[in-house]
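Asks: Copying in the features that Swiss-Prot gives for the protein in this structure:
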BINDING   Gly35, Gly36, His37, Asp55, Phe79, Asp101, Gln108  S-adenosyl-L-methionine binding site
Amino acid sequence: MMENFKHTTVLLDEAVNGLNIRPDGIYIDGTFGRGGHSRLILSQLGEEGRLLAIDRDPQAIAVAQTINDPRFSIIHGPFSALADYVAERELTGKIDGILLDLGVSSPQLDDAERGFSFMRDGPLDMRMDPTRGQSAAEWLQTAEEADIAWVLKTFGEERFAKRIAHAIVERNREQPMTRTKELAEVVAAATPVKDKFKHPATRTFQAVRIWVNSELEEIEQALKSSLSVLASGGRLSIISFHSLEDRIVKRFMREQSRGPQVPAGLPMTEAQLKKLGGRELRALGKLMPGEKEVAENPRARSSVLRIAERTNA
């Protein structure tokens with residue numbers, strides 16, 4: 001059954017404007033979600049334009065399949081494989097723009113059955129594609145305490161990671177957790193100092209979700225693939241929602257905008273320097289939501305949009 005959860009696309013106009021749409025261009029929306037960005041891109045394309053959308057969430061695919069437009073196609077899979085999708089269509093080096101809206105979507109958070117939120121009781125799942133891989137419950141039941149602590153510290157920046165990991169393992173030993181409410185209660189009980197502005201399970205849920213979905217590895221692979229996929233002058237327009245995501249995007253754009261780094265004083269001929277190649281991208285800056293958007297959609301508060309352009313290198 002199709003859910004009917006509201007989803008407000010964050011930085012909608014800004015992210016699409018960042019692509020610098022050409023009517024006859026070929027674009028990728030790597031995170032279709034509920035189609036906000038895709039529909040706006042399609043509205044700016046001419047008859048010769050094309051849009052390839054990607055999502056690993058079956059519910060997003062169901063929404064995408066309602067779009068009856070010959071310029072549009074949808075792929076069920078991870079955006080980390082975008083280079084493969086493009087190669088299969090013989091479009092490598094011909095893509096004029098890639099848009100990524102990272103992290104979990106509002107419909108995923110709001111649907112208790114998906115298991116993403118500690119605010120709503122549901123199955124402890126957290127998979128963006130429930131047809132593949134381990135659920136959060138399965139992973140927490142089989143993982144070593146030290147591994148759980150590492151995930152909470154690394155992906156949740158949780159200062160009580162060891163204490164929480166121990167509590168999770170002890171609880172699963174007594175009776176395996178299968179519900180989001182159970183995990184939230186265990187984390188809250190194991191957290192000695194409470195933040196009055198944030199639920200104690202916030203960081204744990206973020207960390208487990210990122211781990212279960214390999215989110216940061218997905219981002220790194222997609223960014224790396226973008227260099228071979230984009231045409232000269234093609235744009236990257238990427239929205240991040242937390243510091244771990246934004247750090248990866250920022251570092252990638254900065255490094256690819258600098259070009260190869262040669263140690264000072266190292267003697268190199270012009271031919272050798274040319275062989276190293278020039279910079280791959282030109283960073284065009286970042287944007288953040290305005291006060292009005294944040295007031296209308298509080299989830300936009302932490303979002304950051306970064307834009308870069310493929311060079312001739």
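Keep in mind that glycine also has a Cβ here, set from the backbone N, Cα and C atoms.
Note that the structure is a prediction, hence the values are computed from the model and not measured.
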Asks: Which one is it: of the binding-site residues Gly35, Gly36, which Cβ has the fewest other Cβ atoms within 10 Å in this structure?
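Replies: Counting other Cβ atoms within 10 Å of each of the binding-site residues Gly35, Gly36 gives the minimum at Gly36.
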Asks: Which residues does Asp101 (S-adenosyl-L-methionine binding site) neighbour through Cβ under 8 Å, counting only same-chain ones at least six apart?
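Replies: Set apart from Asp101 (S-adenosyl-L-methionine binding site) by at least 6 residues yet with Cβ under 8 Å, we have Thr9, Val10, Ala15, Thr31, Gly33, His37, Ile239.
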Asks: Given a separation of at least six residues and a C-beta threshold under 8 Å, show me what packs close to Phe79 (S-adenosyl-L-methionine binding site) in the same chain.
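Replies: Looking at Cβ-Cβ distances below 8 Å from Phe79 (S-adenosyl-L-methionine binding site), excluding near sequence neighbours, one finds Gly30, Thr31, Ile54, Arg56, Leu100, Glu218, Ala222.
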Asks: Per DSSP, Gly35 (S-adenosyl-L-methionine binding site) is which: helix, strand or coil?
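Replies: DSSP call for Gly35 (S-adenosyl-L-methionine binding site): coil, neither helix nor strand.
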Asks: Counting other Cβ atoms within 10 Å of each residue's Cβ, which of the binding-site residues His37, Asp55, Gln108 comes out lowest?
Replies: Gln108
